[in-house]
């Protein structure tokens with residue numbers, strides 16, 4: 001059955017049955033797959049924070065990972081609210097969804113970009129990266145990332161309240177900008193890893209090969225995520241399909257690998273990944 005699903009001032013032509021099934025599957029998968037992983041990352045991070053030596057600072061990667069998993073948990077809440085809306089279009093639930101989505105969607109992309117920039121500086125500009133590994137630089141990261149997230153959320157809220165029919169403008173803008181940043185940083189890292197360094201031995205070559213494969217895997221899943229969502233939004237807004245909601249929901253399924261890659265890398269780095277056996281050495 002095709003109906004107009006109306007959220008505030010915006011109306012979508014949706015085949016309610018397929019859209020509801022897709023969103024329920026998406027939400028259940030997030031609850032079962034993403035949420036436990038994010039909780040484990042925060043639990044391990046809290047243990048490491050309690051065991052750290054006095055005066056020690058967290059690495060940039062750890063800070064960004066903790067922020068990213070917090071955003072992922074909020075994104076699980078967004079998915080639950082979205083399912084709630086599809087079954088009961090309550091104004092209060094819709095307001096909560098708009099606020100949560102305005103933080104979680106740009107937040108996901110922001111912290112993926114920041115982790116890419118962190119890898120870029122560590123590999124391409126190591127001297128600058130080492131200078132940034134102090135308490136003042138960490139505080140700058142906290143403040144700047146928080147300000148950028150609040151700015152993005154404010155833009156989304158303004159569009160929701162004043163020009164909801166144009167909400168795809170900030171969505172596309174954030175997606176395209178994130179795609180450019182992540183692609184540039186990752187390709188620069190891959191290019192730097194392919195270049196031979198002075199006096200490198202076999203161990204350094206093996207380390208570079210592992211780093212190259214890891215960066216390539218990260219770039220692949222993030223491109224899959226960004227391109228999938230972009231294609232979903234493009235099909236939804238172009239009028240090329242009868243069901244305007246289903247392409248967007250399917251596009252968000254491509255976000256699963258991107259949501260998993262950073263938490264899994266963190267757990268593997270601290271040797272806490274449940275599916276792996278680690279040597280005691």
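Backbone N, Cα and C define each Cβ position, glycine as well.
Summarising the annotation, TrEMBL assigns transmembrane segment to 20-44 (among others).
Marked as transmembrane segment by TrEMBL: 64-87 (among others).
Annotation source TrEMBL lists transmembrane segment at 140-160 (among others). For the transmembrane segment (140-160), the list of distant contacts is 8, 60, 63-64, 67, 98-99, 101-103, 105-107, 110-111, 114, 166-167, 169-170, 174: same-chain residues at least six beyond its ends, Cβ to Cβ under 8 Å.
What TrEMBL records for 166-193 (among others) is transmembrane segment.
Annotation comment: TrEMBL describes 214-236 (among others) as transmembrane segment.
What TrEMBL records for 248-267 (among others) is transmembrane segment.
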Hey, would you say the transmembrane segment (248-267) packs against the transmembrane segment (166-193), going by three or more CB pairs under 8 A that are 6+ residues apart?
no
Where, among 20-44, 166-193, 214-236, do we find the most CB pairs under 8 A to the transmembrane segment (64-87)?
20-44
Can you work out which residues elsewhere in the same chain, 6+ from the ends of the transmembrane segment (20-44), have a Cβ less than 8 Å from its Cβ atoms?
65-66, 69-70, 72-73, 75-76, 79-80, 82-83, 86-87, 246, 249-250, 252-253, 256, 259-260, 263-264, 266-267, 270, 272, 274
